[in-house]
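Enquirer: Quick paste from TrEMBL:
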| type | residues | note |
| --- | --- | --- |
| COMPBIAS | B:361-373 | compositional bias 'Polar residues' |
| REGION | B:350-373 | region 'Disordered' |
| TRANSMEM | B:50-67 | transmembrane segment |
| TRANSMEM | B:74-91 | transmembrane segment |
| TRANSMEM | B:97-122 | transmembrane segment |
| TRANSMEM | B:129-148 | transmembrane segment |
| TRANSMEM | B:186-205 | transmembrane segment |
| TRANSMEM | B:236-257 | transmembrane segment |
| TRANSMEM | B:285-302 | transmembrane segment |
| TRANSMEM | B:322-346 | transmembrane segment |
Amino acid sequence: MPHAPAFAMNGVTVRFGGITALDAVDLEVPRGRVLGVIGPNGAGKTTLFNVACGFVTPAEGSVRRDGQPLTGLKPHHLPRHRMARTLQGLGLFERVSVLENVMVGADRTATSGFLSSLLALPRSAADERRLRERALTTLDELGIADYADRVPGSLPYAIRKRVALARALVGEPELLLLDEPASGLSDEEMESLGDLILACRERMSVMLVEHHMDLVMRVCDSIVVLDFGRVIAHGTPDEVREDPAVLAAYLGDEVDRTAAEVPR
Amino acid sequence: MATSSALPVRAWRRVWSGTGSRHLLLALLGLLAVIVYVEAASDFRNLQFAAFGYLGIAAGGLTVLTGLNGQLSLGHGAFMAIGAYTTALFLDDGSPVVPLLGVLVVATLVTVLAGALIGAAAARLHGPYIAGATLALAVGVPGIALHFSDTLGGEQGLGVVAPPVPVWLLDLDYFFTGRDLTPSRYLSYVVWVCLIVTFVLLANLSRSRVGRRWRAVRDDDVAAEVAGIHLGRARVSAFVVSTACAGLAGAVMALVVRLTAPGGYTLTLSLTLLTAVVLGGLGSLWGALIGAGLLSYLPQLATNVGESLGLDQTRAAELAPLVYGAVMIAVILLAPTGIAGAVRALRARRTARAERPPPQTTESTVQQGEMSR
Ligand SMILES: Nc1ncnc2c1ncn2[C@@H]1O[C@H](COP(=O)(O)OP(=O)(O)O)[C@@H](O)[C@H]1O
Ligand SMILES: [Mg+2]
């Protein structure tokens, strides 16, 4: 299917007991495009990501990747579908080096099995070398190769965020899911994160949940607005900005100040 | 890597930078040290050394499970019992039908089978529940021996007759030392060769993608899963590898102790193993070895020191648990990452001082980190 979107949800509904966290959600991430998902707190953004990753199985609806339905998706299948996700709270492996953190992300490309690892066969050594080189290349691309031998805990937050991004990118995903990638970053760091995301677009499609509207408006090709689990608006950044339903949803939500400051 | 380096330097670097070749080299050096000690020490010392060895094998396995994969087992003594009883069933009289190597392999495989079952169950459990399940195992398995007392010998246990020293080894040893290899020395060799082989394999795993996946699951299971790691498979494989070590340790322990009885495999044994692993430094194979050594020799050492200070024998023997406790407290206070962890931190601090100080380093040590590129 040459024209199928990289990722699509059709009528996805998720219920937690009495709460409908997602209500017949439709969305599409066209290839090489960036889709932003925004909405007030509790709107269902994280749940939407969890469905995309196989942590939550929807009660109704379907999820498709390049037109193929992802039935029975489990989180550990993501690399196999050329998908990668960053987690809202870093989720780095704290007691291994930055390099090895990133090597875990590249594990998909290794082929040596348990036996060649046990006996340290040449196949295993070759895999290790390749993973290390790949990881170093990615660290270098993100400008953090100097930290390769450090443990994440000893590094500034912005660097750690980059390590998490490197771990997602090193497997060369075709669809990147970013959960609040800008949280905790300074304006300057957010600026360069935006550049990075725009650069990624050449190689992959991106879906991103983010509170910082400046970033969302800058990097997204289209935006989906969720409120109470429902898509209340979707369109280009300009269209969404003008949408009265969006303004109503945000103005009604006092918790989320940053999001309410939609630049006009 | 400068191409202008002298050939021996380059050869050395090649050996040292390859995971397999480095571990083999260390194994050879270890084997040399073992040979020197075994030949020099008395029969009594050799039995003590063998006891250190089998504790070390089990501790090495436990450090993989607890240190590398973050799963707690309070029941590794039970897996040692399975290996020991399997061995005892094969070697209950002087006419073994299977060669010793075969017995050790079968004992390990039987334990692995049990480990796979328990591991599959444990992979579905979390923290305190795994502890509870393995605790039940530690308490329950010796009970099985009591229940099937016809085959397993009940309280008295089963006698184990170690097979005779193979002729080729007798000849070889005689050729070099000019005296006969005693059974105690032979057992010491058997245990330590097993230990060296086990540790080489564990070190290989630890430095491979298998070990890296285990660590990833230990540090953050959600992130590991998203990165494509099957949590269940990672946890069960760590459990299986770990129980294989316990099974082998139990098998050689049966040979050394010459008796397999429930009293040898109580909860105390499981806790001793855990203590060794924590003392040495979680996740470090060297640490597991150091911890096992401490636990094997410390009581004896304390008693000897007490006697030489003029205490009578019973008093001196009472010193052992005291010293034991004091060492525990000292390690926890002074080296919370265990002895191996403390050494690593010290080394890292020294290299950090030698090189230029990296930006705002507090602790840049990497556990089991590869520094080579
Ligand atoms: N595991 C869960 N169990 C029960 N309710 C949940 C669970 N996850 C999310 N919810 C509920 O679903 C709704 C959407 O939550 P979430 O997806 O976290 O929103 P957002 O990420 O947009 O803030 C909220 O009402 C939340 O309380
Ligand atoms: Mg959320």
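Each residue, glycine too, has its Cβ placed from N, Cα and C.
Nobody curates TrEMBL annotations by hand; they come from automatic prediction.
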Enquirer: Where else in the chain does the transmembrane segment (B:97-122) make close Cβ contacts, counting only residues six or more beyond its ends and a cut-off under 8 Å?
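Expert: Apart from its flanks, the transmembrane segment (B:97-122) reaches 71, 73, 75, 79, 82-84, 86-87, 90-91, 130, 133-134, 137, 162-163, 190, 194, 232, 235-236, 238-240, 242-244, 246-248, 250-252.
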Enquirer: Would you kindly list the residues that approach the transmembrane segment (B:285-302) from elsewhere in its chain, counting only those six or more residues past its ends and only Cβ-Cβ distances under 8 Å?
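Expert: Sequence-remote neighbours of the transmembrane segment (B:285-302) are 48, 51-52, 55-56, 58-60, 62-63, 67, 199, 202-203, 206, 272, 275-279, 316, 319-324, 327, 338-341.
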Enquirer: Would you mind listing the long-range same-chain contacts of the transmembrane segment (B:322-346), meaning Cβ under 8 Å and 6+ residues beyond its ends?
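Expert: For the transmembrane segment (B:322-346), the list is 275, 278-282, 284, 286-287, 290-291, 294, 298-299, 301-302, 363, 365, 367.
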